[in-house]
Each structure stands twice: as structure tokens, then as C-alpha cells.
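Marked as domain 'Amino acid transporter transmembrane' by TrEMBL: 147-535. Among the features that TrEMBL reports, region 'Disordered' is placed at 1-54. The feature transmembrane segment is assigned by TrEMBL to 223-244, 264-286, 298-315, 335-353, 374-397, 417-437, 458-482, 488-506, 518-539.
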Amino acid sequence: MFSSNKNKSRDRTSPEDDGTGEASRPLLEDHDVVFSIDDDDDEEPLTSSSKYPHSVRFQEDVQVIGLPLRSTAASREAEFELDSDEIDNEPEITSTPRAHMGSNVPLIVGLLDSSRQSLDSPLPLSDANVGDLDLEALAAKQTAGGGLFDSIANMANSILGAGIIGLPYAISQAGFFIGLLLLVVLCGVTDWTIRLIVVNAKLSGSHTYIDIMNHCFGSSGRAAVSFFQFSFAFGGMCAFGIIIGDTIPHVIRSLFPTLYKIPVLGLLTNRQFIIFLCTTCVSYPLSLYRDIHKLSRASGLALISMLVIVASVLVEGPQVPLILKGDPSVRFSFVNAGIFQAIGVISFAFVCHHNSLLIYGSLRTPTLDRFAQVTHVSTLISLVSCCTLAVSGYVVFTDKTQGNILNNFPSNNTLINLARFCFGLNMFTTLPLELFVCREVIEDYFFAHEGFNPQRHLFFTTTILFSSMSLAMITCDLGVMLEITGGVSATALAFIFPAACYLKLSNQSLPWHSRKRLPAFICVAFGVIVMTISLFLALEKSWTKKGEAKMCM
């Protein structure tokens, strides 16, 4: 019936040539070809060489848009994982065997937002319904994500969390000049290693921090980074809950001194009740979001609250009573004995590496250049804020500086009480950011090959959040939590793992002292030393009388 140019063996003969009419000739004669199509490739024509003659066969490989990954952040990241940092308006086309495609997955599924994939029915591909497709809506979904400002707000809010309030204490432990030097150096290292994680992701073709470590060091690396990511984020959640309990009730009691005497309203002055109320009514609903960029507006408000805290300490510090001020003779000390404790606290304040790929994936156009802008601006804002708070707090209280600088001020200071309220408010939005990480670690480690499950999402969100809330309700010891979490988990995530992965993925032919590899070697050695010493100091404080956990039952 049909034949290709390649398979024409002879022309049809006319009825006059063989004496028979066309109607009397068999339709297929002795040809085995049902039909075939010319292809640009030099492939063999589709013939009935199989055991089923005259069967119709189709090409096995089809051109489809790559399937989105399980989570929103990972899927947006995957679409640009091999990008050349140039904005491309066309989606990347990949070749996928038909046998690997799900039976209910449409060919244009790559245009859909993965966060809605499980809720939307497959797009109709019949001719009758193709005209009903809203191409503008599909294009809007393809460009879904946050802009530069949204990502800067999220990253800066992740950095300016609970750790900033302990930076004056870090200066007092390390000494004024060495403390400032550590702030600047560690901020620069943080900026470099955050971007290094994204570079590692591109070099390894991975989409998460866990996948990078798994690619470089196998199952042991995957287990190590999963443990430290979860422990750092979970420790941060506990610290944020403790801060909520230490700030909000204090503000309420200062505003309404006799409120505790009223039977029902008196619960608002109770530490445990406030932690439960704020966590359940504010942090829990925010934690149920799947896309991290949806917290950007709340993160912007939290940044404003943090600026209020910095301004309050800067203004009210010189006006505190003389009895509360520290010894002015040690104000400009060069170096003190608590350098490693200071490194632990500063590391906790700056580290947001566990959020880096989530923030990178939430960009509308995730490229290295755009992410570098986000990182530079976020770390610069954080450094200015941290130095302002650290110096203004330390020069006033010097040797009397506490782990929470707000506790150095009198309880009747109105502006400081406003700062306490803003600090507690900041924890409402920072806590969900850490829960995003905890949940993502569990999903990537245990359910990497499964799709999104709403029941599992709800279960882990609820379990993680209320577990950290329970620990925050029974302890007041914020200092031990910051030291252990910052000195051990933060150094591993921020200094050791990113540099070690880069050494594994970079050009192995280069010598270790080359310009590209030497900084990574130094970073790994620094992280190992700090983590080891910080761990011993934390264990010493836990097992001796130097530090005892304060229980608030």
C-alpha cells in the first residue's frame, strides 16, 4: 500500500503489462511492508522481520520533557542542573524510553508545577481537547518560583536566627579584636561554601545535599550528612522554641503585671502555654507549606524585626545602669581563652548551608550568577547586622555579657521589651525554615524513589514540630543547645562537607597546593579541628559541674 523510498524494489506494473486488472491483484502482493516512514537517521526500515508479519511497529524512543522530581525545590533545581548560566526560554528536551514512562503521565508533564501534579488530573491529549489547554497558565507554572528579593529574604532570615543574639557573648569569649576577625573571616568562608554546595551539585549532577555526599562518598557520606543536617535543623528548632518561651511571656508580664492573677488569661504569662500556643497557631501552619519561597513575605517581616533588635541594643546599651555594665578595662582585649566556644556560636549564627539548595531551587531562574547575587547580598546584610549587635552589646557589658544579650538589660526597659517581642516573632518564621530541612532530609533519605504523599507530609511535619516543641517546653538552657549544635553540626555542614566534596569532584590531577584545591584543604582541616575540640568542650560541660541543664517544668 505504502512504501518508502529506500524500500522500493520495483514499480507497479499496469493492467496492460501482465494482462490482469488491478482489482484482481492482491493488495500487498508479495511485499512484507505494511508502511514505513523515511527517517533522517540511517536506520533499517520498519519491516515485518518479527514473527508477526504485517504488524505495525513504532519507534521506541520518543522525545518528551523530563519528568519533575518529587519535591518542588528539587524539580525546579533539576530543570537547570546543567545550565550554562544563560537564560533559556525553551525547556530542555530529553529522550526517554516509552517503557520508562508512567501510564498516567502526559507528554507535557514537564510544564506542570510539581507541587500541583498530584492534585491535577493528566492533561487531555486528544484532538478534541487540545484547543482547550491554557498555554498561558502552563507558561506561568513553568516560571513559578521566587525572585531575587524573595530568596535574599529567605537566606538572610535563615542566617539571622537565634545565633545572632549570642554574638556579643562570642566576642567576650574570643576577645574583641580576635572576635571581630572571626566574624569577618567566617562570614567570608560561609559565603564561599554556600556557593560551593551548588557548584558541587552541578559537578555531581545531584539535586540535594544528601545526593552530593552520596555521589562522593557513598552510603557513609549520605548517612553522615543526613544526620548532621537533621541534628542541626532540629537543634535550631528547639532553640527557637526556647527563645519563644523566654521572650513572649516576659513581654506580656511587663505589659500586664496583674494578668497572672486572672484564672484563664493568666495562662498567657505561662512559659509552656505560650510555647504551645505560638508553635501550634503560627509556626505549624507555616510549616505545612511545600514551597519554601512562600515564606518570603513572612521572612521579610522577620528581617524588619531583627533590625529592631539590633537598633534597640545599639540605643539602649549605653543607657543601662552602671551596676549592670561590665569592667571597662577589658573592653578592647586582643584575645581570650574561649576562641573555640566563640567559633561554635559564630558558626551557628552564620550557617544556612542546609537551606542553600532549597533556596537555589526556589529561584524563578536558578543559575549560578543569580544565586551568587543572593548569597553575597544575604551574607553582607548578615555581617553588618551581626557586627553591629556584637560590638554594641559587648562594649557595654564586657565580662558580664550573657549568652542572650537581651537578658543583660533590665526587665522594665520598654524598647528592649519591644526587641524581645520582635525576637520571639522572628522565631515564628525561622522555625518553619528549619522544619523544611528536617522533612526534606527524611524524604530524601528514606523515600527518595517515591512520589509526594500528603499523609506522610502531614505526619512528619506534625511529629518533628511537636517533638522540638516538647523539648523546648522542658528546658531553658539555650547556651548548651547553641554550643553543641553550632560547634559540631554547623562546622561539619559549613566547612568540612562542602570542601571535601569539592576536592573529590574537582580535577584530581591538580596538586593539593594549587590555587583551586588549597582553600578546600584548609577549610576541611579547620572544620575537623573545630568540631573535635567543640565536641570535647560540650561533653565536658555536660558531664561536669561546669554546665548543668536548666529544666523548666
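Placement of Cβ uses the backbone N, Cα and C atoms for every residue, glycine included.
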Maximum Cβ pairs under 8 Å to the transmembrane segment (264-286) - stretch from the list 223-244, 335-353, 374-397, 488-506: 223-244
Stretch of maximal Cβ-Cβ contact with the transmembrane segment (488-506) [cut-off: under 8 Å; candidates 223-244, 335-353, 374-397, 417-437, 518-539]: 518-539
Surrounding residues of the transmembrane segment (335-353) on its own chain - C-beta under 8 Å, 6+ positions past either end: 155, 158-159, 161-164, 166-167, 169-175, 177-179, 182-183, 186-187, 190, 193-194, 197, 209, 232, 236, 359, 379, 382, 386, 482-483, 485-487, 490-491, 493-495, 498, 530, 533-534, 537
Chain residues in Cβ proximity to the transmembrane segment (458-482) (below 8 Å; excluding those fewer than six residues from its ends, i.e. six or more beyond): 162-163, 166, 234-235, 237-246, 271-272, 275-276, 279, 283-284, 287-288, 344-345, 348, 403-404, 431, 435, 438-439, 442-443, 538, 541-542, 547, 549-553
Distant-in-sequence neighbours of the transmembrane segment (223-244), which means Cβ under 8 A and at least six residues beyond its ends: 161-162, 165, 209-210, 212-213, 217, 274-275, 278-279, 348, 351, 354, 404, 423-424, 427-428, 430-431, 434-435, 437-438, 441-442, 444-445, 464-465, 467-469, 471-473, 475-478, 481-482, 484-485, 488-490, 492-493, 497
